[in-house]
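J.: First, the structure itself, so that you have it in front of you.
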Amino acid sequence: MESQQLSNYPHISHGSACASVTSKEVHTNQDPLDVSASKIQEYDKASTKANSQQTTTPASSAVPENPHHASPQPASVPPPQNGPYPQQCMMTQNQANPSGWSFYGHPSMIPYTPYQMSPMYFPPGPQSQFPQYPSSVGTPLSTPSPESGNTFTDSSSADSDMTSTKKYVRPPPMLTSPNDFPNWVKTYIKFLQNSNLGGIIPTVNGKPVRQITDDELTFLYNTFQIFAPSQFLPTWVKDILSVDYTDIMKILSKSIEKMQSDTQEANDIVTLANLQYNGSTPADAFETKVTNIIDRLNNNGIHINNKVACQLIMRGLSGEYKFLRYTRHRHLNMTVAELFLDIHAIYEEQQGSRNSKPNYRRNPSDEKNDSRSYTNTTKPKVIARNPQKTNNSKSKTARAHNVSTSNNSPSTDNDSISKSTTEPIQLNNKHDLHLGQKLTESTVNHTNHSDDELPGHLLLDSGASRTLIRSAHHIHSASSNPDINVVDAQKRNIPINAIGDLQFHFQDNTKTSIKVLHTPNIAYDLLSLNELAAVDITACFTKNVLERSDGTVLAPIVKYGDFYWVSKKYLLPSNISVPTINNVHTSESTRKYPYPFIHRMLAHANAQTIRYSLKNNTITYFNESDVDWSSAIDYQCPDCLIGKSTKHRHIKGSRLKYQNSYEPFQYLHTDIFGPVHNLPKSAPSYFISFTDETTKFRWVYPLHDRREDSILDVFTTILAFIKNQFQASVLVIQMDRGSEYTNRTLHKFLEKNGITPCYTTTADSRAHGVAERLNRTLLDDCRTQLQCSGLPNHLWFSAIEFSTIVRNSLASPKSKKSARQHAGLAGLDISTLLPFGQPVIVNDHNPNSKIHPRGIPGYALHPSRNSYGYIIYLPSLKKTVDTTNYVILQGKESRLDQFNYDALTFDEDLNRLTASYQSFIASNEIQQSDDLNIESDHDFQSDIELHPEQPRNVLSKAVSPTDSTPPSTHTEDSKRVSKTNIRAPREVDPNISESNILPSKKRSSTPQISDIESTGSGGMHRLDVPLLAPMSQSNTHESSHASKSKDFRHSDSYSDNETNHTNVPISSTGGTNNKTVPQTSEQETEKRIIHRSPSIDTSSSESNSLHHVVPIKTSDTCPKENTEESIIADLPLPDLPPEPPTELSDSFKELPPINSHQTNSSLGGIGDSNAYTTINSKKRSLEDNETEIKVSRDTWNTKNMRSLEPPRSKKRIHLIAAVKAVKSIKPIRTTLRYDEAITYNKDIKEKEKYIQAYHKEVNQLLKMKTWDTDRYYDRKEIDPKRVINSMFIFNRKRGGTHKARFVARGDIQHPDTYDPGMQSNTVHHYALMTSLSLASDNNYYITQLDISSAYLYADIKEELYIRPPPHLGMNDKLIRLKKSLYGLKQSGANWYETIKSYLIKQCGMEEVRGWSCVFKNSQVTICLFVDDMILFSKDLNANKKIITTLKKQYDTKIINLGESDNEIQYDILGLEIKYQRGKYMKLGMENSLTEKIPKLNVPLNPKGRKLSAPGQPGLYIDQQELELEEDDYKMKVHEMQKLIGLASYVGYKFRFDLLYYINTLAQHILFPSKQVLDMTYELIQFIWNTRDKQLIWHKSKPVKPTNKLVVISDASYGNQPYYKSQIGNIYLLNGKVIGGKSTKASLTCTSTTEAEIHAISESVPLLNNLSHLVQELNKKPITKGLLTDSKSTISIIISNNEEKFRNRFFGTKAMRLRDEVSGNHLHVCYIETKKNIADVMTKPLPIKTFKLLTNKWIH
């Protein structure tokens, strides 16, 4: 019998966790979580009615065929076997008797969980009728016969619930995890329901339907314990059981409450996310549904804002409502109510069109009750299903579709409304019957029933034009009809097997027939309301019946789920079999190869290619006629769509509709071009262009960066320009999706001004063709203009500006008009236009001297925006001016690098072309009036520095004293000027900017005072030899006549009797070959220095025209002999390749350029000839500037306009922008607790090692008598603030040693228990590096020691108590400390005082003043770091003597004695050192990094391209506000702490080249954006790639027996928002890099010079301290040097002028720096920027520069 039972249930596998079940589970659409008692009663009633209609099982059957039980029965439960059941078992009638309870009397027979053995356990009573476990698993089970009782009366009493033992139900599975408890409770509740205990299950309010009996409570308690072991119960369940072991009812009540709450929220979210609406249901019902869901979610704490709700609604719109997605997506503040207004409007429009069509014939009385109309929309040859539902639920979108295509699970649209205005007949499950129906499941095997289908019923569909059925047993007069073409709602073909009649026999004995199509490939049997209407049958959804026009009711309509159904019992069966239907006239296409199959076989080629290949017999075996091509045209291969995806095609001329929709200047296109590399820093690197859609008018604006505020200013400017000049308002701006356009600032600006941003789609540049093509055209013109004119590249934007002016004036071939004509502007007057780069002579209206020439050669660029003048580039003055005072030089050659002024010819054409304009200017000029001169030289000046590489077209030749120009030279020079070939430099200094030609709105009230030391931004020439250098007395014999007549053009600032001076030759870039500077007595020189000293505001501190170090010497700082060679010698500076000499023509060799002595101060250029311009002339320039500022017109971005004063510094490019405040980094725990290392450690081997370390530490504590073992104190007796918590920490050292440490919780130590004044000192890293450097130079022996348990040697003075270690088992006792336990606040200080006293008294050492933990005597130097000691000495025996003395008191271990003459490897405080005495020392961390970096979980790329530098210039951090979840934010901050912590450790140890990047990234630890994390990953990747790099020290071989200590300083001026200046210093001892520092400036600097002064002032204190340390450790003389690449800073340091600093913020710092330099005998020297290795500490550098500056000292 048992085998028969098992054979009847093949779905129950052997060994499954479920017991065998003789009854099928009831399939229902009821929510499985809805298990309240009220619904259980309905469920039982439905089951009883359904079973009463089933046939009984024959006696010979082992298992009844009826899957439903006659009445509720107690369940028979098999015993658990600590896992899956080994065999299926069922309870018999005899095993369910009361005697079976005896097993519960012996708990040993059942595998109880621990809490079952509690005193609360009790067995059931003797009268209990509940089942029990069988006595043996293998007992045969008998099956009761059907006659033994298969029907019972339905009763709700407890007694009647237990009157039968015939039910066999599936027990719940064993609970195996706390996370599975919610699902397990569902099965357990179902188990109770099947066991006739549904009445005791708590309802929603937490109360059961009836009172539970004692036996039921016992059964409930015991089964819960058996199937829910205590170790797998959730915490909240355990809490309930800890109060009352039997309170299972409370657990069930809370579980049901949780399930119902979670289910409702989940269902609402899913429904809202899958909304679908196409107008098939009333709009008001759809709105009610959506608003109800949103309200419920908001009430439950899930807030859905308007934006999200509108997006979800619009995503589900289809049909005529779909266009709302595109018309509404631009409205950011749209509400749900506004959206529904549009939906209602469309719905009402649809209803109006439907009412015009014929409706179903209905009873007039019904039309009064039912206001809805059901339109008969018949579609020939198309079956679409859209049933009318009073609950406004939307029909399935693919009900009449091929089931195989949709995996037998048609998608359900979730815009159904749960309730309707009229309540129809509703079936909650298949067993609910109404109107006397007898629901009998059809015996026909339907194909692919859908989950939500009501078996045995037809689905009413108002949208279907034909009736379709899957079963052939109801089709009469079947015949094939291959001409029928039926498609589903998705336009897919549905194969039809046959056509026939569907005959109905209704309740009034009337018979009706309609046409029906047979197909097995649909999800539902569809009954078309259209065909019923053709036979005078109408569906009345008010009464939910099918009726005739006279009101005769034919059949009821049943609502099940979201749809309406009619029972198949009204259908008359036929005698036609299914095979007959399927084989009648099979379509010819079924014998052909389907096209999708051929398409896939032939590598997914297109249909045209396949068909052509078959025609030409390139593919054999079958012909073209063998393939079914019917679906080839419409077939869409999903794999092809994915694999062959391309961008959409842009249709030519598709944008024309916008031209008709918008007026001029309402629709703009914009785009940004750039950056342009290898340009001066002050020149614009970008430009932004705008194009009007209608007129094609263009605008261009220069940009220095792409920051959002710069873009915003340009947008503000052009919008105001269009509004004021053209009286138009911009409505739409089209742009790409660059961050400069999509940022929040610009978005808010556009929204505020009512402008709609129109963005291109992702990776679709062709959609932005107007702007892209304009940029390409302008760049083509730019390159051509620069090539033709020969002008330098930094004037590239002037070429863009010129091209824009011309292009706006040229006619378009399409429109036959120019952009200016479309805009209503006059055509371009070509008489006002000059060729780009046309040579001209500009009039100097304010020369320095009356005898100086009045003309300056220049090159015309483009007409001015702000005046009637022309923008002209003056190469001699290195600036551009806006003027009308120019004369055209007509010549055959106009290229700048080819123009020959000796071959000038008069060009009649050009002169005739510009004659009218020149006459117009002449007629309007007023002679001898400077006030009316429209030239604005100061406004538009652009001063140029020297390029790092010497310009090949600029004469810069130093003149020796013997080549001084005699007095007669001046006359000769004057004669040669007319023959000089004037050429503009091809390469210019980094601070040039053609954007300077436009005025600035923001002007400084104080003019920039230029001076001889200006770095180029002030328009001055640099000097090859500083004026402050000592002057040779050998030049006193030179004549001063030439000096007076040539150089001192403005000498009114000096007394008239200053005549006794000589000339010192000075070379200046672009100056004369022979220039002299007057030399006077020492007093006179000092007096002039006061006037000539550079302004503190002077900008860039570099002078790249110099290629050698220039020391600045004073009588106090330098010895008489030249010390520059001794200071620079042996420094690891890069080797620069020699620069090739500049090739000049013969004419250039003969005479200097014009600008050598024809500069004019009013134009802003001050060369050597006017280096001594007086203060009065500068004041006059200021007045002129202020006058011109008032009349200037500003028409574009103020941030892109150059200031009146020359730029004070070069533009600094940071790697990232700094934040305003940075909090301290939270330390990261790297140790393990006791429970982690021992208690719960699953690694047995590691656990054993930690146990050994634990016992070792305990023994050491006892050995050192750490606490008082004579007495244990009660916790209540001691003051709580003197009680210190203690713990064991475990860690694994890099060498593999497992270590345990017993520590005190000093972090919660009370302040009264220690002295805050005591400090624990360790050796400073600079002191260690200094000691190592001296050891390398002096062949010292290096010995490394370790003192075990160092802190325990120090006694503790305070009265402190701790809890004993865990192994003592005295948790309620305290012990008093006697030693300084690790972790106490005072332990470090106590140990320092202890070891310091011992070293001084017993070892004869003394501590170096100012350097804690550095001890020395005449032979040995000791560096102390807690318990680690490093000994340095010339004699190894001296080290051994110290070791012997230490061992007398402390447990001292020798880590490395250092006695070998070969290479010795050390691991000193994290540094891996390789040392060979007398040769070299290498410092690195390769092994440590190889171990630590992979543990950081950073995505490393070991085989990919290695990074060549830690960062590149030009990267900025996006300053937008982060939007992160709290947990995600904390996780990322924690990750940043780990990464930056490791990088900082490596950087400050020896990788000083990374300090800038580490410092700037550390400022963003609390701003962990994706960009910051990516940059951090790149830094870690670079450290990983270069982990084998080492700091290399070779033994120095000094020429003199002295130590040389040098600091190289640098600073980068932060002149951008969110930036502060960055300072950096590198310290070198005898040519070895021993330390570095990179940090933000603590003071706000207003210029580069201020930043340089601040950097130097920060380096001097440490330099002096290191000098003292070196002198203490090594008694040799010491030379101290300070190197900087800022000549202006050097001038300030040694200047005696103090007046100029009184009003300066940093004046005090500068004057203090002077005193320190003078008092500490510092040699201040100049170093070239190219050789300044401190550059890596202040700014990100290009790869080539970074390598050049670091490869000498770290590799």
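Cβ coordinates come from backbone N, Cα and C, glycine included.
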J.: Any idea which of 583-640, 757-814, 873-930, 1627-1684 is down as region 'Integrase-type zinc finger-like' in Swiss-Prot?
T.: 583-640
J.: Based on Swiss-Prot, name the residue from Asp1588, Asp1685 that is recorded for the same Mg(2+) 3 site as Asp1610, Glu1652.
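T.: Matched candidate out of Asp1588, Asp1685, per Swiss-Prot for Mg(2+) 3 with Asp1610, Glu1652: Asp1685.
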J.: Of Asp1346, Asp1355, Asp1372, Asp1467, which one shares the Mg(2+) 2 site with Asp1427, Asp1428 in Swiss-Prot?
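T.: My reading of Swiss-Prot gives Asp1346 as the candidate in that site.
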J.: Residues other than Asp1346, Asp1427, Asp1428 within 8 Å, Cβ to Cβ centroid, of the Mg(2+) 2 site?
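T.: Neighbours found: Leu1345, Ile1347, Ala1350, Phe1425, Val1426, Met1429, Ile1455.
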J.: Spatially, which candidate from the binding-site residues Asp1346, Asp1427, Asp1428 is nearest to Asp1685 (Mg(2+) 3 binding site), comparing Cα atoms?
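T.: Closest recorded candidate to Asp1685 (Mg(2+) 3 binding site) by Cα: Asp1428.
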J.: Helix, strand or coil for Asp1428 (Mg(2+) 2 binding site)? Use DSSP.
T.: strand
J.: Going by DSSP, is Asp1610 (Mg(2+) 3 binding site) sitting in a helix, a strand, or coil?
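T.: DSSP call for Asp1610 (Mg(2+) 3 binding site): strand.
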J.: Determine, to the nearest whole angstrom, how far the Cα atom of Asp1610 (Mg(2+) 3 binding site) is from the Cα atom of Asp1346 (Mg(2+) 2 binding site).
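T.: Asp1610 (Mg(2+) 3 binding site) and Asp1346 (Mg(2+) 2 binding site) have their Cα atoms 40 Å apart.
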J.: Rank the binding-site residues Asp1346, Asp1427 by the number of other Cβ atoms within 10 Å of each Cβ and report the first-ranked residue.
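T.: Answer by Cβ density within 10 Å: Asp1427.
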J.: So which one is it: of the binding-site residues Asp1428, Asp1610, Glu1652, Asp1685, which has the fewest other Cβ atoms within 10 Å?
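T.: Per-residue Cβ counts within 10 Å for the binding-site residues Asp1428, Asp1610, Glu1652, Asp1685 bottom out at Asp1428.
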J.: Asp1428 (Mg(2+) 2 binding site) to Glu1652 (Mg(2+) 3 binding site): how many Å between their Cα atoms?
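T.: A Cα-Cα distance of 39 Å.
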J.: Taking every residue in the domain 'Integrase catalytic' (660-835), what is their average pLDDT?
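T.: Mean pLDDT for the domain 'Integrase catalytic' (660-835): 89.
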J.: What whole-number Å value do you get for the CA-CA distance of Asp1427 (Mg(2+) 2 binding site) and Glu1652 (Mg(2+) 3 binding site)?
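T.: Cα-Cα, rounded: 41 Å.
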J.: Which whole-number value in Å describes the distance between the Cα atoms of Asp1346 (Mg(2+) 2 binding site) and Glu1652 (Mg(2+) 3 binding site)?
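T.: Between the alpha carbons of Asp1346 (Mg(2+) 2 binding site) and Glu1652 (Mg(2+) 3 binding site) there are 43 Å.
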